[in-house]
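Annotation comment: Swiss-Prot describes Cys161-Cys196 as disulfide bond, evidence class similarity to another entry. Annotation source Swiss-Prot lists N-linked glycosylation site at Asn139, citing sequence analysis. According to Swiss-Prot, the feature signal peptide maps to 1-20.
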Amino acid sequence: MMPGVYALLLLWGLATPCLGLLETVGTLARIDKDELGKAIQNSLVGGPILQNVLGTVTSVNQGLLGAGGLLGGGGLLSYGGLFSLVEELSGLKIEELTLPTVSIKLLPGVGVQLSLHTKVSLHGSGPLVGLLQLAAEVNVSSKVALGMSPRGTPILILKRCNTLLGHISLTSGLLPTPIFGLVEQTLCKVLPGLLCPVVDSVLSVVNELLGATLSLVPLGPLGSVEFTLATLPLISNQYIELDINPIVKSIAGDVIDFPKPRLPVKMPPKEDHTSQVTVPLYLFNTVFGLLQTNGALDLDITPEMVPRNIPLTTTDLAALAPEALGKLPPGQHLLLSLRVMKSPMILLQNKKVTVSIPVTIHVLSSVPQGTPVALFQMNGVMTLNAHLVPSTTKLHISLSLERLTVQLASSFSQPFDASRLEEWLSDVVRAAYMQKLNEHLEVGIPLPKILNVNFANSVVDVIENAVVLTVAP
């Protein structure tokens, strides 16, 4: 291992979670020990890890008691040894390894205590004992440290591995008591070399999952988000905490740094047997900021974009504010040009997500085959309610208009009270603008990959400056 990694391990051992304020505006992930245990168990199911152990000691005369074992040249049971009568007993090999039961204990500030309880079936043969079959219960106990890989990902590193041999039973054949004792001693010596590599293989699989936490997630036409570790991970007796820093990049790969909230997030306590991930206000600001700078929040609304019950003509406008038309005749189509010149403001608090979009609305009279005539301009604020739906990889957002307030900025005829148009404008925005806006929001807010935790069925909790997703394993 590299010296730098050892140094990180030492520092990690001193790090334990603190309750209260989250001193970051990044993404916080709390991985419950049950989720870690499930990842380890899944790595053993259906994979090659256990099958590889079966091929370790299989060839005749190469078994535990074969040519290279106790019966081999110089072994205790070799020719001339104390038990030369059974010198031909050979080929004792692992025939089956029962799917281990996984037990996890988190050691705050230290690492992980990992136990695998399994049952090993062995068989062999000899001229005196005939077909021989043994079954042994084994507990593999290992101490695992949390470290950081050279590329900055969290990594589990095996520090110590021991095997404790439990009950051994003879399921077939005859074996003299002295030989049975020697077999037991041999298994105690050999099994660590066979089963501890299983732990190494399991950790390799889990480390691949942990490495996927720090990944580049596309944001569609807006760019991408790269998740990196902001600080060293922390360990409590119930969960591992990862402080993840989301780095937003443009399509060209340039880092985009939107303003971040100054106040830290006060995290709610995590319940036992649950995992959490937070989506910070910063990511909401980033997505809406990118939409604004890319012009995705701007829209020109024509009569074809609204249903017939929401007319866009000078006749209907005259009924609400006749002084706004000047000398224009009735029956002409209207064009509404919506421009968002500043980034929207997102408010996360009191279990509610509110989006405020400052908008400038230009109202023009559209003349067939002619240049539109500017009538007046309004400045307004669209207040939108957000509905959040988590999936496996994203937090999806859909918006609905709560209210639209406007003030007259300029008029080419007479001044008037623009608030009289708010209800009519709200109908137009709901019919035409909200659909386009929600289409742009289909990119969603990406979630970091946390040990394949599926947040699709998570409970969504909106707290101040963050959204918390909680899922039970």
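Backbone N, Cα and C define each Cβ position, glycine as well.
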Going by DSSP, is Cys161 (disulfide bond) part of a helix, a strand, or coil?
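In the DSSP reduction, Cys161 (disulfide bond) maps to strand.
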What whole-number Å value do you get for the CA-CA distance of Asn139 (N-linked glycosylation site) and Cys161 (disulfide bond)?
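Here the two Cα atoms are 10 Å apart.
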What count of other C-beta atoms do you get within 10 angstroms of the C-beta of Cys196 (disulfide bond), across all chains shown?
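Its Cβ has 18 other Cβ atoms within 10 Å.
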Going by DSSP, is Cys196 (disulfide bond) sitting in a helix, a strand, or coil?
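Reduced to three states, the DSSP call for Cys196 (disulfide bond) is helix.
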